[in-house]
Amino acid sequence: MVKWLTYSLASNLLLGLSIAAPVEEQKRAANAPAAVAAKNVLTLSRQLASRPGLTLGSKFRNLRAFAKAADPQPAGLDIALPANQQVEYLLNVTAGGNNYSLIIDTGSSDTWFVKSGFQCYDYLRRKVAVANCQFGPEFKGDFPGGAIKDLHFNVSYGNGYSGPNLNGEYGYADITLAGVTVPKQQIALATSGYWTGDDISTGILGLGMPGLTEAYNTSDPRLDSVSNAISYSPVVSTMSTALKIPSLFSLGLSRTPADSFLALGGVPANVKTGEYTTTPLLTWESQKGGAEYFWYTIQTDQMVWNSSTISQQTARSPKAIVDSGTTLNYLPSEIAEAINNAFVPRAVYDQEMGGYVTSCNATAPAFGIKIGGQMIWTEPSNMILPELKNRQGKCLTGIADTDEEPYILGDTFMQGLVAVFDIGKLEMRFAKRV
């Protein structure tokens, strides 16, 4: 049974006009070096994905691994992006001698491909033609390195009850990305499920940590739970242990595809940035007991936004997940509404799109997030998505709302930055590209 977790919002948020001191325990040196120069760099492509009805949105696979002691019966959590379309970043991966496009995702850890013969379902679990799931080329053949017996793949994204979900098999394959061949990597081949793809990507490259892997040894996927979940070494871990590549990677997302990159082990030498700010990764309480690292979760010190007549700040901001697999920023409802009100003309909520829309020529407010004591300003152009329009031709904004933690800093936040995911030091670093 999938369980979800509800957090109290009231204790975390205060809207006001006074600037609060940043969270001192989260501060690090703003001029910290990013990393060694990376030789293994791959350019990403930017793709508009059509997602009718329920959509992939955030790679927030179900939250069954989390529980608070004060919450004996966790309530539901639905953070899936309900817009009809979204923008995603793809990269080329070689496996079994063939090239595939995978969605690059820091919000999940499994690397998977759709298998030939996949059984597609709709969101009501009715069998439909595989074309309805809109995958790209299917994975050819079986696992080159052999199958793993008595272990299966079972993952839910977004809303665990009606959102995208997949079942499949595990095995081994050598996979190559950014000029690096990761030997005998455990991967999944999806054999059935509900999906809304883009007709290009074959699956997902999960760049998260081991706590998010979705392997189970039950005889029936309906029996899967945290008690029988089996963690394994995802791509970022295998690269470090097998290849001795520094346990970190950097992402540079841009609205210009040629400027987007994934670099393994460091930051490209030719990428110019301002000063880096550093913040530690945060843990979550696990149903297995104790604290564990799951997503790339950070503490935000403060959020600031303004227009010609408004300047507001949060006295304290909540923690958030840095997720390349989510197009929008998902912020507390009070903050999201206030920021959308500061667009000129004002952005209004569109029920069908599941987000805020405004004129595609609107003026976006200045919006900054203080992390590690340093303010990071979002480019105004990132806050209006011309690719995503409603029936009236209004554009979706990059700021969405949710009343549930954890919140998300998606591509709207990451575009124009270099984000360093340092698993070895359990920290993240951010800098503006110049």
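Numbering starts at 1 and runs along the chain as displayed.
Cβ atoms are placed via backbone N, Cα and C, with glycine included.
Per TrEMBL, the features are:
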type	residues	note
ACT_SITE	ASP105	active site
ACT_SITE	ASP323	active site
DOMAIN	89-431	domain 'Peptidase A1'
SIGNAL	1-20	signal peptide
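Counting other C-beta atoms within 10 Å of each candidate's C-beta, the active-site residues ASP105, ASP323 are led by ASP323. ASP105 (active site) sits 7 Å from ASP323 (active site), taking the C-alpha atoms as the reference points.
For the domain 'Peptidase A1' (89-431), the model's average pLDDT works out to 89.
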